Structures are given as structure tokens and as C-alpha cells.
Ligand SMILES: Nc1ncnc2c1ncn2[C@@H]1O[C@H](COP(=O)(O)OP(=O)(O)OP(=O)(O)O)[C@@H](O)[C@H]1O
């Protein structure tokens, strides 16, 4: 089934100027980038986005990393896009990520792991709506 998922290319990647390399992996995996925008997240935006992790010990570090440099927010479209993108990203910890995945190829650490992708279709809808209107998405 054709789905849309939400993606963030994180500050560790924008800082290293590798957003194009990451987009190439996304596109080669059959996902279409149907909306994309560069944004420097405010602390409030990052805290809201990662509110589910508020009680975790790494929350402060995560918010700090996500606001350190601009990010690229994206909507990706394709067959089973939510699960497919999770596959393409690889495991949260790059040491455990499979060969060919974005995190295996580019991530620096479990925190600076280059990309975010929605973990469910429901969350994808919620996350997309935080950054894009329907008019921004051209499928
Ligand atoms: N142990 C940790 N130490 C530091 N940062 C962490 C740790 N665990 C997770 N993070 C950071 O928090 C983010 C969200 O954690 P989560 O467990 O939801 O991972 P994920 O589902 O693989 O990633 P994401 O939600 O970003 O797509 C991770 O992508 C990572 O940047």
C-alpha cells in the first residue's frame, strides 16, 4: 500500500554536508521525496517532537543535538513507506545497523545517527502535520 512517512536528516549530517548522499540512498530504495524543507529547530520544537523521550537520560543531549545545526525535514512516499524507511535507516545504534543502511554508512554514534523516521503510520501523520501542510506535499 502506498504510504507517506516523515523523515529528518539530522544536524550531524547537515553539518557534514551529506544530505545529498542520504537522499541518494532514500531514492535508490524506491522512496520518493514528495516534500522537503531545511529548518533550524527551536528548543521548543525539538522538545515537543521528542516529548515521548522526556524521561529518558539522553533527552537533554538529544534536544541539544537536534537544535545545534539546521535539519532537513522530509515527507517520503512509497510502498509501505513507514516500514521501508525504517529498514533503509537501519538500527538506532550504527554498530548494529545492517550493511547498506543510512546509519551504517553515515551515523557517528547512537545519538548522532543521521536520520529520524516515523515508527508508525499514525505517528507519521502527526509528525508530517508538525512541519507541512497538504499544499506543501506534491506526490
Ligand atoms: N542511548 C542513547 N543515547 C543517546 N541518544 C539516544 C539513545 N537512544 C536513542 N537516542 C537518540 O534518540 C532518538 C530516538 O530514539 P528511539 O529509541 O526512538 O530511536 P529510533 O526509533 O531508532 O530513532 P528515531 O525515533 O530518531 O527515528 C535516536 O534516534 C537517537 O538519536
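Note that Cβ sites are derived from N, Cα and C of the backbone, with glycine treated the same way.
A quick note: this is a predicted structure, and the numbers were derived from the prediction, not measured.
The annotation active site, pros-phosphohistidine intermediate is assigned in TrEMBL to 116. Annotation source TrEMBL lists ATP binding site at 10, 58, 86, 92, 103, 113. As annotated by TrEMBL, domain 'Nucleoside diphosphate kinase-like' applies to 2-139.
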Close-lying recorded positions around ligand 1 among 10, 58, 92, 103, 113, 116, where CB distance stays under 6 Å: 58, 92, 113, 116
For the domain 'Nucleoside diphosphate kinase-like' (2-139), the number of residues DSSP places in helix, strand and coil: 64 helix, 28 strand, 46 coil
Predicted model, mean pLDDT over the domain 'Nucleoside diphosphate kinase-like' (2-139): 98
Distance from residue 116 (active site, pros-phosphohistidine intermediate) back to residue 86 (ATP binding site), taken between C-alpha atoms, in Å: 9
Least buried by Cβ count (within 10 Å) of the recorded positions 10, 86, 103, 116: 86
Binding-site residues (58, 92, 113), the one with most neighbouring Cβ atoms at 10 Å: 113
Annotated ATP contacts 10, 58, 86, 92, 103, 113, maximal Cα-Cα distance (Å, integer): 21
Between residue 10 (ATP binding site) and residue 116 (active site, pros-phosphohistidine intermediate): CA-CA distance (Å): 7
